[in-house]
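Novice: Have a look at this one.
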Amino acid sequence: MQAQAREQQAGLAQRATALDLREEKVRVGEAQLVQKQQRVAEMEKDLRRMRQQLLEAQRRVEEEVRAQVRRANADIAHQSRILQERVLAAEAQTKKAEERQRQSHNEYLQLYESFNRFRTEQLTASAEGPAGRVLLDSQAQVQQLRTQHMEELRLAVERVEQRCGAQLAELSARCRELEDQNRRLTAALARRREQLEQYRHRDGDGKRARPAAATAAAPAPRQQLPLPITELSDELGRLRRERVLLVEGSAGALSAADDVVLRLDRRIKEMESQLGDYVNRALSGTAVML
C-alpha cells in the first residue's frame, strides 16, 4: 500500500510539473501574442499615416494641376485680349491709311481740276509758242507726280496689311498653342481625378477586408506581416506609374522639372525609404519570433 501511495504521489508530482510547464508555455505564448499584436497595431498605424500622407500628396498634385489649368486659361484670356487690341489697332491704322489716301486723292483731284482750268485757259490764249511747251511740261510733271503718289499710297497700304497680317498670324498661333496646352492639362487633370477615384475605391475595399484579416491573424499571426509590405509596394508601384502617366500623358504640358513632378519624385523616394525600414522591421520581428 505504501509503495502504491508513493507511486501515486510521484505521478501527481509529474502531472503538477507538466502542468507548470504548460502554464509557463501558455504565458510565454500570450506574451509573444501581445507583442505581435502590438507590432501589428503599430504597422497599421504607420500604414494609416502613410495613406493619409499619400492622400495629402495627391490633393497637392491635383491642386497644382488645377492651378496650372487656371494659369493657362488666364494666359489664353490675356493673349486673346492682346490679340483683340492689336487687331483693333491694325484696323484703326488701316482706316487712317485709307483716310489719308482719300484726302490725298481729293487733293490730287483738286490739283488736277485746277490744272485743267489752267490748261484750258492757256489753250484758249495760245496753242503755240513757249507757253504751249511750258503747258506740256507742266502736264508731264503733274502726271509723274500723280503716278508717284499712287505708288506710294499702294506701298503704304501693303506695308500696313502685311504688318497686321503678320501680327494676326503670330497671335493666332499663340492662342492655338495655349488652347492646345489647356486641353492637355485638362485631360491630365481628368486622368488624375480618375486615378484618385480608383485609389479611394480600392482603399475602401481594403478597409472592409481588414477586419476579416485581423480575425484570421490570431491563430497564425506570422501570415499578416507581409500584407502591409505588399500594400506599400503596390502603392509605390502605383505612384511610379502615376508619374509616368503625368509626364508622358500630358503630351509635353508637364516635364520632369515641374514642381508637381518634383514633389511626386520626393514622395516616391520617401516611400522607398519607409518601405525599406518597414521590411527590415518585419524581418527583425520574424527573426525574434523564430
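Cβ coordinates come from backbone N, Cα and C, glycine included.
TrEMBL does not curate its annotations; it predicts them automatically.
Among the features that TrEMBL reports, coiled coil is placed at 26-100, 254-281. Residues or ranges marked as compositional bias 'Basic and acidic residues' by TrEMBL: 198-208. If you look up TrEMBL, you'll see 211-222 marked as compositional bias 'Low complexity'. As annotated by TrEMBL, region 'Disordered' applies to 198-222.
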Novice: Using Cβ atoms and a strict cutoff of less than 8 Å, what residues sit near the coiled coil (254-281) while being 6 or more residues removed from its termini?
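Specialist: Contacts of the coiled coil (254-281) (Cβ under 8 Å, skipping residues fewer than 6 from its ends): 43, 46, 50, 53-54, 57, 60-61, 64-65, 68, 188, 228-229, 232-233, 235-236, 239-240, 242-243, 246-247.
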Novice: What is the pLDDT of the coiled coil (254-281) when averaged and given as a whole number?
Specialist: 76
